[in-house]
Amino acid sequence: MAENGDNEKMAALEAKICHQIEYYFGDFNLPRDKFLKEQIKLDEGWVPLETMIKFNRLNRLTTDFNVIVQALSKSKANLMEVSADKTKIRRSPSRPLPEVTDEYKNDVKNRSVYIKGFPTDATLDDIKEWLDDKGQILNIQMRRTLHKTFKGSIFAVFDSIQSAKKFVDTPGQKYKDTNLLILFKEDYFAKKNEERKQSKVEAKLKAKQEHEGRHKPGSTETRALEGKMGCLLKFSGDLDDQTCREDFHFLFSNHGEIKWIDFVRGAKEGIILFKEKAKDALEKARSANNGNLLLRNKKVTWKVLEGHAEKDAMKKITDDQQESLNKWKSKGGHAARRFKGSHVFTAARRFKGRGKGNRPAYAGAPKGRGQFQGRRTRFDDDDHRRGPVKRGIDGRDREEPASKHKKRENGARDK
């Protein structure tokens, strides 16, 4: 019996080794991995196992060359080759990398899925284990805050559009009794863009109401407040420090449209303004969660506001909305945004190119025409950030041998 148990453990280890190495040399990772791409140029694609075992996730599995070679010999993917002396490995020349064309990029986007609802303390291995029977996953990106805290959501790339669609279309998927929000990546971004557009429309409408209200003092505000009675839901409890407004949108996504959330991260209570009656949204959400409506796995007290408490809260929300609108106006609204993002270079070019009459724009300026280099197009725009290419399935930056990592230990991540 003990021998059977050992054999099962070894088989599981070998499967993990194959999966990890085949990820390193796979279609998704290899084109993005600068270090590994440099290594395969040195010796006809061969990479020494001595180098490979310095990759952190493989190192945690094994450093034994024989175990690695034995594992790869049992792989059914036929992606990797082992050298005759069993000291080097390479991606099989018969399996060339796909050409990274626009068509290929679109194909990757079409089989990328957004999944939200994981606890913030979940690890990459936890998520990989949960996804094991959901289809073949080529890459997992754990989405993080600016402070590197896991946000509880991921982007996963499936091996085919069919497997991605099958996963997205499967209803009622949960992670440890927590309902998950699952969308195609493109649908997720479309949803976020629609929310931004809706916010702009609401801001314009609010501005119009305020303008009309100045001619009829109190009438517009009174009608607006009366129309929102019964739409406020107060929540309180020992909330997670990472709780954010998006969590409430997720919780009530199919039960009621949220118009405003009076809440700041780190607070223990707040108020949600629904478009329709808050009681209906609360009952629907409770029913969908078997009567136990948790927020990031924390117990929460939910209360529909009435009477003076409701009027006071509505007045505060109205004032906050007006303040937000005023700030937006003070920045110039659309005019201010014309100088942000993709068009910011137009102002800068005034000082970089030739001045009037072919003269330099300023003293000491280089002669010649200042040329805009174009917007940078990223293949993987999940985080919408610039910086080193990430090794997504590790949830870290690309791995390099420990010797190189030691040269930059001032705040660098664990490799």
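From the backbone N, Cα and C atoms, a Cβ is placed for every residue, glycine too.
The domain 'HTH La-type RNA-binding' annotation in Swiss-Prot covers 7-99 and rests on sequence analysis.
The phosphoserine annotation in Swiss-Prot covers Ser92 (among others), and the record cites a large-scale study or a structure entry as its basis. The Cβ of Ser92 (phosphoserine) lies under 8 Å from the Cβ of Asn78, Leu79, Met80, Glu81, each on the same chain and at least six residues away in sequence.
Feature annotation from Swiss-Prot assigns phosphoserine to Ser94 (among others); the stated evidence is similarity to another entry. In the three-state DSSP scheme, Ser94 (phosphoserine) is classed as coil. Note: Ser94 (phosphoserine) has no non-local neighbours, i.e. no same-chain residues 6+ apart with C-beta under 8 A of its own C-beta.
As annotated by Swiss-Prot, domain 'RRM' applies to 111-187. For the domain 'RRM' (111-187), the number of residues in each DSSP class (helix H, G, I; strand E, B; coil) is 19 helix, 30 strand, 28 coil.
Taking Cβ-Cβ distances under 8 Å and a sequence separation of 6 or more, the neighbours of Lys116 (N6-acetyllysine) in its chain are Gly152, Ser153, Ile154, Leu180, Leu181, Ile182, Phe250. What Swiss-Prot lists as N6-acetyllysine is Lys116 (among others).
According to Swiss-Prot, the feature phosphothreonine maps to Thr120 (among others). Counting every protein chain shown, 17 other Cβ atoms lie within 10 Å of the Cβ of Thr120 (phosphothreonine).
Every protein chain considered, the tally of other Cβ atoms within 10 Å of the Cβ of Lys128 (N6-acetyllysine) stands at 15. Per Swiss-Prot, N6-acetyllysine is recorded for Lys128 (among others).
The annotation domain 'xRRM' is assigned in Swiss-Prot to 226-343 on the grounds of sequence analysis. Across the domain 'xRRM' (226-343), DSSP classifies residues as 51 helix, 24 strand, 43 coil.
Summarising the environment of Lys327 (N6-acetyllysine), the number of other Cβ atoms within 10 Å of its Cβ, over all protein chains shown, is 9. The annotation N6-acetyllysine is assigned in Swiss-Prot to Lys327 (among others).
Swiss-Prot lists 328-341 with the feature compositional bias 'Basic residues'.
The N6-acetyllysine annotation in Swiss-Prot covers Lys356 (among others).
Annotation source Swiss-Prot lists compositional bias 'Basic and acidic residues' at 377-415.
The annotation phosphothreonine is assigned in Swiss-Prot to Thr377 (among others).
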For this session: Write down the Cα-Cα distance for Thr120 (phosphothreonine) and Lys327 (N6-acetyllysine), rounded and given in Å.
Result: 33
For this session: Compute the average pLDDT of the predicted model within the domain 'RRM' (111-187).
Result: 90
